[in-house]
Amino acid sequence: MILTGKTKVKLVVDLVMTVLLLCQMAYMMIGEAAHEWIGTSMFVLFILHHVLNGKWHRNLIKGRYSGLRIAQTVVGVLMLAAMIGLMLSGIMMSRYVFSFLSIEGSISFARTLHMLASYWGFLLMSIHLGLHWSMILGMARKMRGEKKTSRAGIFLLRLAAAAISAYGIFAFVKHDLASYLFLKTEFVFFDMSQPLLLFLSEYAAMMGLFVCLAYYGEKLLRRLGQRK
């Protein structure tokens, strides 16, 4: 499969955003300055992502909306709202990148908004990735010159998905993400004795869990749409 220049840029942008997202979740471990610079870079890449996928915006009011398309659109809009909330609250609290703006506002409100948008953004971006995972797998298969994945390959992929999802469930409970998603607490706990790589692996597993759930949800919605 020959990838066009635009497609290659899209893949690189999405890959870098995914890596940066994981780093952002470890903000207490990487430091505030790095967190702000990475967050700003991620927002720029997010804008670039939407520019590169401008066709999605132009087609929002065109065509029929199936269950799958509704799900993809809702996730996309909510993800955009989360990113805007992240950037606005981040600017209000900035002590490094945007400190020169001297924006006055409720730091308490900004902190709450930032935490809420951070964890929902993480969840939504993972779901967004999962809803497009079939396309990603298809591209990977064609790049390898395969028409279809072998039975052994399917078994290994499902085994890996099950293992990652199980680890993701463990990490979700361990880090108590539900408390942050639903504002049961306004302060995020970090175990500073935990190695950074272990922390990142646990968040990567949680991302894998949500990707897996969204991937199979996408397959279900596609099948339901085909029956109509």
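Cβ coordinates are placed from backbone N, Cα and C, and glycine is handled just like the others.
Bear in mind that TrEMBL entries carry predicted annotations, made automatically and left uncurated.
Residues annotated as transmembrane segment in TrEMBL: 12-30 (among others).
What TrEMBL lists as transmembrane segment is 36-52 (among others). If you look at the transmembrane segment (36-52), the same-chain residues 6 or more away from its ends with a CB under 8 A from one of its CBs are 6, 9-10, 13-14, 16-17, 20-21, 23-24, 30, 80, 83, 86-87, 90, 94-98.
Below 8 angstroms of C-beta separation, residues 32-33, 36-37, 39-40, 43, 46, 50, 56, 60, 65, 105, 107, 110-111, 113-114, 116-118, 120-121, 124-125, 127-128, 131 of the same chain, each at least six residues beyond the ends of the transmembrane segment (73-98), sit close to that stretch. Annotation comment: TrEMBL describes 73-98 (among others) as transmembrane segment.
Assigned with DSSP, the residues of the domain 'Flavinylation-associated cytochrome' (75-133) fall into helix, strand and coil as follows: 48 helix, 0 strand, 11 coil. Annotated domain 'Flavinylation-associated cytochrome' per TrEMBL: 75-133, in sequence order.
Taken from TrEMBL, the feature transmembrane segment applies to 118-140 (among others).
The feature transmembrane segment is assigned by TrEMBL to 152-173 (among others).
What TrEMBL records for 196-217 (among others) is transmembrane segment. For the transmembrane segment (196-217), the residues of the chain that approach it from at least six positions outside its boundaries are 18, 21-23, 25-26, 29-30, 71, 122-123, 126-131, 133-134, 161, 164-165, 167-172, 174-175, 177, judged by C-beta separation under 8 angstroms.
For the transmembrane segment (12-30), the list of distant contacts is 38-39, 41-42, 45-46, 48-49, 52, 118, 121-122, 125, 129, 188, 190, 192, 196, 199-200, 203-204, 207: same-chain residues at least six beyond its ends, Cβ to Cβ under 8 Å. Note on the domain 'Flavinylation-associated cytochrome' (75-133): mean pLDDT across this stretch is 92.
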